[in-house]
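Accompanying notes for the structure given below.
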Amino acid sequence: MSDLRITEAFLYMDYLCFRALCCKGPPPARPEYDLVCIGLSGSGKTSLLSKLCSESPENVVSTTGADNIRKYWSRYYQGSQGVIFVLDSASSEDDLETARNELHSALQHPQLCTLPFLILANHQDKPAARSVQEIKKYFELEPLARGKRWILQPCSLDDMDALKDSFSQLINLLEEKDHEAMRM
């Protein structure tokens, strides 16, 4: 979770630089959010977060036994304010089906079902990558996530601007939720 705080700090630093150049006065305080990042082994979770934090993804080692860890994901859900689900858009049909089932479980989990989701269709730079439209249809996101706040975005390590934009969209969803809570 510290990687995500670093990422948000990075986005916030861009915002501070913009405000310093264009505006007068201190920028408003920005809240911190606790996010959980989940996805199958090899989907690119650690590589994407490392690259966002300006670390070299070449030094990333896949989590050993990651498939066995999946059953413990729910232990990290408590206190989360948003979810990042990373999937390998170029994976095999079997892995894509497993990712679909895991995403469906997460979207319906009692601790996550009201939270905003950022779904990253990673590895878009690979020839076998499925488009966002194909993923949306295959994962049945429209009917399953109706009434929920979610974003499905393509991404790869080669396009950090798109990835930063995806995180900005997630932050906007989180801020909308904060504003809704304040109105109540």
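Glycine is no exception: its Cβ is also placed from the backbone N, Cα and C atoms.
Under the heading GTP binding site, TrEMBL lists Gly39, Leu40, Ser41, Gly42, Ser43, Gly44, Lys45, Thr46, Asn122, His123, Gln124, Asp125. Marked as Mg(2+) binding site by TrEMBL: Thr46, Thr63.
Annotated features, which come from TrEMBL, shown on the structure.
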residue	record	Cβ within 10 Å
Gly39	GTP binding site	25
Ser41	GTP binding site	16
Ser43	GTP binding site	24
Lys45	GTP binding site	24
Thr46	Mg(2+) binding site	19
Asn122	GTP binding site	26
Gln124	GTP binding site	20
(request) Give me the Cα-Cα distance between Gly39 (GTP binding site) and Thr46 (Mg(2+) binding site), rounded to a whole Å. (result) 10
